[in-house]
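Quick look at what TrEMBL annotates:
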- A:24-91: domain 'RNA polymerase sigma-70 region 2' (DOMAIN)
- A:123-175: domain 'RNA polymerase sigma factor 70 region 4 type 2' (DOMAIN)
Amino acid sequence: METTSDEALMAAVRADDLDQLVPLFERYHGPLFNYLTRLTNDRETSEDLTQTVFERILKYRGSYQPTQPFKAWVYQMARNVHADYWQRQQKVRAADVDVAEVERTGGLRGAAFSQMRVNNHHDDLHEALDMLTVPQREILVLNRFQGFGYEEIGKLLGCTAEAARVKAHRALQALRKIYFAN
Amino acid sequence: MNCEPLKAQLVDYLSRQLTAAEHAALTAHLAGCAECREELQAMERVWHTLGQAPVPEPGPQARPAFYAMLATFKDELETTPDYSLQGLWLRLRAWSIPRPALRLAYSLCLLGVGVLGGYWLNSGSKTAAADQQQLAALAAQVGEMRQVMLLSLIDNPSATERLRAVGYTKELPDPNSKVVNALLSTLNHDDNVNVRLATLEALTPLAQADATVRLGLVHALAQQDSPLVQAALADAMVQLQERRSVPPLRRLLKQENLDNMVKSKIEQSIQTLSDGPPAAPATPQRHDQTQFSPQPARAALAV
Ligand SMILES: [Zn+2]
């Protein structure tokens, strides 16, 4: 059985054959939900965000270039969706929390994860992950859970593969320090 | 010895992304360096723990929510004419217009909409209303171009192209008489049954408001030899409550080799048309009359 490539399916979606999004949804909604959940640590939010990603795929289908890998394109979209969400959260938080406090704990830390759920024996790990900056956590998630190589991570984050490798190393080291400090 | 460059390779070691040479060099160093071994062990534990974290699975509502969203998008795509530059461009490409000159003219028209549309989006709210008006004017021009496109495609040798041309009727809010005549001519003379059926389908809604179209459809009854088109026309006449169609329908009944299914359909149509609108509340008196006169000629006489 031959399966149609992601790129061919997305090219069809781009040409208004919207039903071709169904196989892409089947292939990607699990991994995307996974990715977003690990970033937000919130199931409900991640379900909404995953839905938003597919909504944006339809809305902006015209911006897809059939020459670019679909995976990179869709993860870029997921990153943007998460970034938008994170910014909204930041604003909400800034409205009722002392701004200085946010500054002190580091601009990229924690804001989106106030609703985190600690309810199993992976608590320590979640707590440790939550203490990483978003970029650190993201690179670990991409590297460890999403099966991205450094080349792909580099393209997604806008840096070289080598820089991605160094970042991944530093993120894991930071996690180790937090994890074993507890 | 400087361990830092080698420590940076530990992630790759764990994720098995080292080349054979790098792997050999790192293993050799680890054998002789307790500090790096310790570091590796710690990293390995974190890496392993990470790997054991449960994989979050999307809930059961994810799929239905997606399908509902997709359905909404499909509906929008079908019902709203897409005046965005992208939408128009996609349509333009899908059309595969045979005549380069027309294509050029159409492209220029689209370009106008695109440029103005872009300008409108970029400009502030001060001029938005005026620009929107101009945008609407250009959209109307696009509508005119569509009529031209329809007329140029409707004689195409390919039935698929002719079907496409007929399909444009839906996107024309107010087709001109040339378009109407072309469609009526296609209804009567196209040698492809599917094209004729599609044309009838496109013309029927127009007939609600346009007397020429109504009359055209009545006259078309005598021209049809396909049972499918005959039956569809009879249906259209009932839908339009077009009583002038009763005489031609009666003449059709006398035709030799008339399909049996069509025959009963036409008889039924004549009956319905003669009885008046089925939606109208029928008085008991009229109902009785109908029962006692199985061949009502009231409507036919009225013509
Ligand atoms: Zn060492």
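Cβ coordinates come from backbone N, Cα and C, glycine included.
What TrEMBL says about a protein is an automatic prediction, not a curated fact.
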The domain 'RNA polymerase sigma factor 70 region 4 type 2' (A:123-175), counted residue by residue under DSSP: helix, strand, coil: 43 helix, 0 strand, 10 coil
Helix, strand and coil residues within the domain 'RNA polymerase sigma-70 region 2' (A:24-91) as assigned by DSSP: 59 helix, 0 strand, 9 coil
Mean of pLDDT values spanning the domain 'RNA polymerase sigma factor 70 region 4 type 2' (A:123-175): 87
